[in-house]
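Working notes, structure below.
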Amino acid sequence: MKRYERDRSPTPDPDIVKGSYSQTSLRSLHELNYKNPAGISGLSFAGSPQQSVASLSQMRLENLVKDKHWEEVEDFGLEELRDGFFDAAFTKPDSKARSPNSDIDDDNGAARKKLQSGFTKLSEYVWTAIYRPIIHFPRDIRKNGVSIFKFFIAYFIAIVICVIRPSGRWIGHEFRYFLPIAVLIHHPVRNIGVQLEMTISSIIGASFGLGWSALAWYISTATKPTANYQGGILFQSLTMALLFAIWLRSVYRRFFYFTTSFSISIIFTHTVRLASSKFDLKWQIFWDFGISYLFGLLLSLLVCVCVSPHSGNAELMEHYNKCLQTTKTFLMALVDTELIKSKEQIYLAQVKMVKTLNIDLSQGFRDFVNQLTISRFDLQSLKSLRNSLTAMETSLRVLPIAPKIFNDDELKKMYEELEKYRSDSATLSKEASASPQSSGIPTRENTPSAFKPIGPGLLKNEIYINALKASFSKSIFNLILEMIFVLENLSRVLKKYESPNQKNNLDECVKILSHSHSKLKRKIYKLDVCYRDFVNSSFFSQELLNDEESVDIFLFLRYLRNSARQLVTVIHDCQVLGENIHWRIALPSYPLSRALTRLPKQCVLDEGAGNVLHYFEAKRDVDEIFERVYNTYTSRHKYNKGEEEALRLDSQGGDEKSQNRKNHTISIRAIDHNDFNFHTTQNPWRFKLWKLSRILSGDECKWTLKITFCMIFLCLPTWLPESYHWYQEFHCWWAPLTFYLLAHRRYSGNWALVMRRLICGIVGIFWGWAANQSRHFGSPYVVCTFAGLIVVPFSINFLVYRNTKSSFTALMCFTIIALEPYSKPNRHYNLTTAGIWKSTWVTGLALIIGILVSIPINWIVWPFRARTELRDSMSSLLAHLGQSYQTVADRYLYRDADDAPTDLTFAFSHIREVRLTQSLEAIRELLKKARHEPIIISNFNPEKYASLINSCQFLLSKIIEARISGAFFEIWDQDFDIETTRALLSLRRDSVSSVIFVFYILSNCFRSKNKIPRYLPNPIMSRKKLYHFIKKFSEMKDQSHSNLNSGGNSMEKNLFKKIYQQKASSSGQQQLPLPSVANSSEIDSEKMHWTEVHGIAFARAFTDISEALFQVESCAKDILGEENF
């Protein structure tokens, strides 16, 4: 990179190109300190928050550098002044650098640790896999009893209909077993809306498949030449149909049941019969398949509607209640005498709260709006309640854990005072027993007058903490208790909304909410009064902000108050929710582009890929919100591209007209996000062709080709004259059909899962043979009894333990083996020992072939590896974190003057943070899948990825904290003067750009599987340099301020101000507001205090990000390796 050296001559040559970055450089301003001992000329007479920020941050950065023993690489006095470039601070590699064999050493060490902890892991596995399911079995049965009964009754009725010979013969003859197969695929343990949509989609898909097959049958026997080679026509028809169905199911998951029914009908009708002429066609099989499959769909729908129906309303309200409960648990942990010293327990409660709201509630709400529901609540009111809960949780998410505002002794004393006060008043006691309100909590004016005398041995830190405790501890304690009571009342009100006699409870709910609203606002007001009293007291000073623990207490107070204010909004939204309660049919309202790629939770589990699909969905959502952020103009300033171009051209001229235009320059954004747009060309057709080529070469098409090839290979014997007889006689076409039903493109699995699925299939085959082989060969009563015995354990395995595919395999195999000989017309031969055995082992072998191929197909030819996806996911996650950091730095920290974040900016920030949280959780689920993959070639250490994910989660929390604090202060107002701002521009650019650049490099290394470069910019050193010069400017300002005040001549001060203003105006730059001594008392001290507190919090968060990024870099080097010379 070309760089420019600072000109050291006294009269620089004006012809030397300095680059487009034409501001005064840092080094030239640094020389002014030696040329002018008074420092920089422009001064501010009011105290600046830069002193607190610089002192805290610089001390921490100095300690970090000292602990790491970094040695900075010499920059030889060069400085970068061009736009688009920055000066990176590099440090020499650690003397304990990784050797080329370090990966081998790490792997050997990991292997030794794994061997040493083998017994511990074995005991944990035994506990997880055996003892815990046994202990929790009664609870799981009670919780899922209704679902198990619905699954059981639907399947049992289907078997009973099939074994009754008149009904079974009318429904499907020897293919009647498609009735229970359809029940298994479309089981009734779903919401009514989902079941109805699934039924309609499957009916349309099966009808379309039968129509396609009828056309293929007609064409294949229309003439004698085609009838002689009917297999070729059916082969072509099946290939086209499978290509269409598999690709559509892979791209748009909403068509899962449509394509499944379509494919089943296509595979069945293309392999079940081979005719030599149109007179040999047996169209009866269309009836046999269509009616049995239709009755299975209708039976599942009937059981879903009649037996304990679920409309989706109760599940969503359960998510809301759970969210309120976890928030209450977190607040209770803050004032728990036993947990006050356990930061880990409080942190776990905080993480659970975030997960419940950002993941569980969000997932439940999406499922609710993505399906047909019969709801009692207005959708817009539910959405407002969810958004207000999210806003409340945002402040609690960054709440400092276990600050020194409380200790266990003080909490016990507060609880004793509370109980004593309640016991003294019988009236208040009755009210408290009737409704757990906080009206009995004693309050007093918590002013510093209650502050205890300070002993001579106390440190400054202890003095500050004691002063803050005396002022705020009881008010904060009362506010937390009140928030807990309010959350409990909200949970009670939501339960009353669901009760049948809701109209009678509505007045009571309004009374509870109104009382909670007034009490909470009163506690917030009392906390505000305590704060104002403290600000006006003698204990309030600038030195408080130089203590980190005091800043934590202020942030705790601020974030808690913000969350309490948001809780007031939650109360209002809950009250609005109860004003419009009546039964209504809510159609799906989810955006179509996203609805086509989503399925309800139970349907996703039925697919068999577990939570892996959640990762791809979350990744699409994150990409979508970043695309919206980068292509939406959120500035308060107007932006006109045409006028900007005209101004740029006119600026090249020197006439009077162009000068007038420059005087009326419009305000534009400092950074234009169009560079981040995915559309890199102005030609729309070129972009569309690129998208088409991506689709044709994507994973969906590769999977389609692979599955179609395997299906055609398994179907091939049915079209050959030498093999079609035995293939159709023993229903061997169940091999391709089983393979199609069990294969999934996002399921890698391992040999243990293959064996588990195979064992379940063998159990089903054996049980079906036993049902027919028992006394009175093929007795309908025995078959029904065996069906009832096998469906109970596998329904529990299906619904409780989420082993959906293995349970489906067992029940499908039992259904086919039990009903195939029972349904054949020649009962005298088929229902004998020889007939039952031959039918069992031949058809069972076909089923086993389909089962064995269903999982290893993902291991060969364009395989799906969760480990590869995990590496790609880390690349995307690091890129998204880097872009989030850049967005916070651009739109919050270094925003233009008078360009505060808008409501749209805040909305995008909330959506981005929630979706990144969901993406992190989805990556953790992907890591669980990667742990169970078979190790073939590469070594994989999941603990390294787990450490990297934890570091990324910490980075996200700090980015959120910085975003919240960045909205409350302007960085330009904290500078001493405009020349300080110009001098620090390059250092601020270097500090932020170093972090973004490291994110970019790490992301690309994960995507390309390259090793991490040995030399990367050190953000900590860049940030240390920034605060070093901020401290220097602060010292220069203090020195100049003391020299100016020592003169005692007001005329000299006014003259200095005039000189400064004249200098600023002559330089052609806009002057920053310079507060005078006369009007400095008019500045709102409270606003300035919180501005400074948030500035310190922001600086600390960015310092934490720089430090955590070094840990991320170390984890990345452990995973990918490090380049060596």
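Indices start at 1 and increase along the chain as displayed.
Note: Cβ is positioned from N, Cα and C throughout, glycine not excepted.
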In Swiss-Prot, which of these is labelled N-linked glycosylation site: Asn663, Asn830? Asn830
Ala89 vs Phe808, same side of the membrane according to Swiss-Prot: no
Quick one: do the transmembrane segment (199-219) and the transmembrane segment (285-305) reach 3+ CB pairs under 8 Å, ignoring pairs fewer than 6 apart in sequence? yes
Below 8 angstroms Cβ to Cβ, which residues of this chain, lying six or more residues outside the transmembrane segment (177-194), approach it? 147, 150-151, 154-155, 158-159, 161-162, 171, 202, 257, 260, 288-289, 292-297, 299-301, 303-305, 307, 309-312, 315, 371-374, 600, 602-603, 606, 741, 799, 808, 811-812, 815-816, 819-820, 823
Nonlocal residues around Asn830 (N-linked glycosylation site), in sequence order (Cβ under 8 Å, 6 or more apart): Pro821, Tyr822, Lys824, Ile836, Ser839
For the transmembrane segment (751-771), I need the partner stretch with the highest count of C-beta pairs below 8 angstroms, choosing only from 144-164, 228-248, 285-305, 707-727, 844-864. 844-864
May I ask which of the stretches 228-248, 285-305, 707-727 has the most CB pairs under 8 A with the transmembrane segment (144-164)? 285-305
According to DSSP, does Asn830 (N-linked glycosylation site) sit in a helix, a strand, or coil? helix
Mean pLDDT for the topological domain 'Extracellular' (728-750), as a whole number? 90
